[in-house]
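Data first, discussion second: the structure below is written as structure tokens.
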């Protein structure tokens, strides 16, 4: 395994629904996902998460709650993705489509797992139960999980 790069993922999770975005271009295009991306130099992880949410959905947020951290390895890629996962139930603004993402609300019993990253169906249940977690997923290409670990933790 090589070096890692910091990424963020933000889920707007309200009592009956979750906001996801359809990725329109780049890494993960054609899949529903939370909002996030690379943390920029000189930026805290949380500030990066807030910036990505604003850029991709038009929403602003005061408080984020860190709920998980997952390391992703893609066979053949030298860099690991160190993804810090946040959620919030309170945002300002109305979701708007950006050049990268098309936001849409989903009822919690209608989350489109078949059109999401394959790992989401493993850790989303922990997120919905308001549990914190650490994970590692090793992928062969974008669709095949070769190996994974996922555990609930008390704190991150």
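Glycine is no exception: its Cβ is also placed from the backbone N, Cα and C atoms.
Just so it is clear, the model here is predicted, and its values are computed rather than measured.
Annotated 2-oxo-dATP binding in Swiss-Prot involves 33, 35, 36, 37, 38, 117, 118, 119, 120 plus, out of the candidates 8, 63, 88, the residue 8. Among 100, 152, the residue that Swiss-Prot places alongside 36, 56 at the Mg(2+) 1 binding site is 100.
Note: the Mg(2+) 1 site is recorded as 36, 56, 100; in the same chain, 21, 23, 35, 37, 52, 53, 55, 57, 98, 101 also have Cβ atoms within 8 Å of that site's Cβ centroid.
For the pair residue 52 (Mg(2+) 2 binding site) and residue 100 (Mg(2+) 1 binding site), the Cα-Cα distance reads 11 Å.
With respect to their backbone Cα atoms, residue 55 (Mg(2+) 2 binding site) and residue 36 (Mg(2+) 1 binding site) stand 9 Å from each other. Looking only at the domain 'Nudix hydrolase' (3-132), the predicted model's pLDDT averages out at 97. Under DSSP, residue 55 (Mg(2+) 2 binding site) is assigned to a helix (H, G or I) in the three-state scheme. For the domain 'Nudix hydrolase' (3-132), the DSSP-based tally of helix, strand and coil residues reads 28 helix, 54 strand, 48 coil.
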